[in-house]
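Read through the structure below, which is laid out as structure tokens, and then see the notes.
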Amino acid sequence: MNFPLTMPEYETLEGSRYRPSKTTEGETESQPAVEVDAAEAGDDLLCGWGSVRPAWLQIFNNSKGALFFICLFAFIQGTSVNGLVNVSLTSIENRFDLPSSSLGIIKGSYDVAYSVLALFVTYHASTGGSKPKWLSLGVFVLGIGSLTFAIPHFVTGRYVYGAGVEDTCSAGGNTTTMDCEENTNLSSYFYVFVLAQLIHGLGATPLYTIGVSYLDENVDTVNSGLYIGIFYACAFFGPATGYFFGGKLLDIFTDIYKGNDGSELTPDDPRWVGAWWMGFVVCAALSWAVSFPLAGYPKELPGAAEINAKKRSEAHQKGGEDIVSTPDFGKTWRDFPTALLLLLRNPTFMLINIGGAFEAFLSATFAAFGPKFVQMQFGQPSGRASMLFGFAIIPGAAVGSVLGGLLMQKLKLKCPGMIKLVMIGGALGFILDFALLLSCPDMPFAGVTVAYPNNSTSQIPMTTNLSDSCNADCNCKTAFLVPTCGADNVQYFSPCFAGCSGESTEDNGIKRYTNCSCVSANMTGGSQDAYEKSCPSPSCGRMSVFLFLFFLLMVVTIMEIPAATGATLRCVPESQRSLALGVQTIILRFLGSIPGPIVFGRIIDSTCLLWQEKCGERGSCWLYDKESMAVKFLMVALIWQALSLVGFALALWSYKPPLNTTVTQAKLTRLYGSQEPTVTVTPSGGGAEHSSETATSI
């Protein structure tokens, strides 16, 4: 909505903030512009540390410079927390004898700490604290968390491989006995990893709340969406770097400098543990390097006062702007309950959060289980599946983030337009979710998806049963999966379950098993050999289509983030924006990203056909029902996507723009000091001009 008015012009005063240089037409006399001490005001707006503020450093003292260093913060956080941690969990599990349940707690500790602390940190920063200093402290603490995560490697001794696993048919029960006694000394480092993740969460708290708010406050409304889009694009490149960089490090043996090169093992050996700790040391050093320049940025950048003076308020009518804009509000913690209550009573803000929580639920799930989905549905090795999934989602996320920002900039979207853009992305995502139905045929797996070839019946077994007459005397165990491909192109759980009694090593290093009683000689022309590898997956050209459609899904999904963030910042009063992002963080994580992987983990487990049995307890799943997994994934995705659309539609319906866009006396006090310029306004309906001593319409 356009409001006819006459705006005062602004000019830059050397060493001072911005002031109106002209009054509106018809004003006979105005109060004098407020003069600010040049040295004091100049120091407030200069980049530097204490009294060290050299002139050459001021080339970074602008929104582009601030964006660069905040993006570095986001990149490092994404690399360490969302990349390296995920890549390292399996190695940590093997090295420190941790069960999968403990790994889940380690991973979730970050989100819990982040969510709990976000509200208090953002409120304190919004009550007058220096946002760059909070960001500097945050990235420094993030570095401490990364170093803490690597500490268990440095304080433990050399890695002991353990006894080998007997995996051939051994009549008479001559199989290796598994040592089920838990190494309590190693497993106690679980608490160190939890502490490291809590510190990670504490350090990252200012990034997506205070960092976004600082960018928005120092950039005009037209470019704000573009800056936020670039910020999120850099954040998405962090996990990609973590996955690829961390994957390379896992090809290096963990004890590289302890005189234990692990030459007897290869990365394919189940006992192999890579150098998972190296990446965290690098991230710690980078975090501390970025902390120093961030600490030098001023509380507000040069030109921010003029930018904020020209911005029109788009806060929801009953968002409490008249309360939070009073000069004394927010200076003490006594105002915190009131500030929080005003946000919770803002229907547009809350409905945006509810819609966003459903989106966060799906996004966190795809990030956690996407590589597993590709691995299981298309028969890819875990490393290749992670690479392929990364190639699909990371560019898609980056393109979507920048695209969302560009659309906001080019279309000059206001709060309602931003919500509509989010809904368009959600509707397109709903359609693209059907890509989850694409999969390849199941691989023949003896005793699971097909009967044993030598069995009298060729029917698909009704229940999983790895035992058969051909391996009845082998005393086989299911604690370790040793993929074995028979000459009949049937997959076996291990050489033992294939009934193999002989073993040799080929020139290429692949183990060859002979005299495999379960391998059908009729199907192989007499050969009863098998090899320690997975059988080739049935030919399928659907994976490329799936990855392309998933790339598009990520584009339209991440495209929503800059628009949703912009709508959040616009529908609340300016002084509450940091707190609003903190509240939003808590809602999105506790209702979305934390429960999402847990719920989907249970859904995935419900499709398991073959479980690991280790020390009398059920472990991880070896084989899934592809069709059941795809259908259940799709159903949940469609339901949650629809609920997200409903949430944003209600947010659009509930939004009521302010009756007038005014800057109150309190806002002018914050911008110009104790004396405010008097600006006259031409009413939209015509009539006599009047002097406004309490508010200026903009």
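Positions of Cβ are set from backbone N, Cα and C atoms, glycine also.
Predicted, not measured: the structure shown is a model, and the values here were computed from it.
The compositional bias 'Basic and acidic residues' annotation in TrEMBL covers 14-25. Taken from TrEMBL, the feature region 'Disordered' applies to 14-34, 677-698. Under the heading transmembrane segment, TrEMBL lists 66-85, 105-123, 135-155, 189-214, 226-245, 275-295, 349-369, 389-407, 419-438, 546-569, 633-655. As annotated by TrEMBL, domain 'Major facilitator superfamily (MFS) profile' applies to 66-659. What TrEMBL lists as domain 'Kazal-like' is 464-517.
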Worksheet item: So, do the transmembrane segment (226-245) and the transmembrane segment (546-569) meet, by the test of 3 or more Cβ pairs under 8 Å (sequence gap 6 or more)?
Response: yes
Worksheet item: Cβ pairs under 8 Å with the transmembrane segment (66-85): which stretch of 275-295, 349-369, 633-655 has the most?
Response: 275-295
Worksheet item: Given the model, what does the mean pLDDT over the domain 'Major facilitator superfamily (MFS) profile' (66-659) come out as?
Response: 78
Practice prompt. State the residues, same chain only, that lie 6 or more residues beyond the ends of the transmembrane segment (135-155) and have a CB under 8 A from a CB inside it; answer 'none' if no residue qualifies.
Written response: 70, 73, 76-77, 80, 85, 96, 189, 192-193, 195-207, 210-211, 214, 254, 276-278, 280-281, 283-288, 290-292, 294-295
Discussion item. Looking only at the domain 'Kazal-like' (464-517), how are its residues distributed among DSSP helix, strand and coil?
Written reply: 3 helix, 13 strand, 38 coil
Fill in: Distant-in-sequence neighbours of the transmembrane segment (633-655), which means Cβ under 8 A and at least six residues beyond its ends
316, 347-348, 351-352, 354-359, 361-362, 373, 415-416, 419-420, 422-423, 426-427, 429-430, 433-434, 436-437, 567, 571, 599-600, 603
Response to the item:
Sequence-distant residues near the transmembrane segment (189-214) by C-beta distance (under 8 Å, 6 or more away from its ends) are 66, 70, 73-74, 77, 80-81, 85, 92, 96, 98, 102, 105-107, 109-115, 117-118, 121-122, 125-126, 131-132, 134-135, 137-146, 148-149, 151-152, 156, 228, 231, 235, 287, 565, 569, 577-578, 581-582, 585
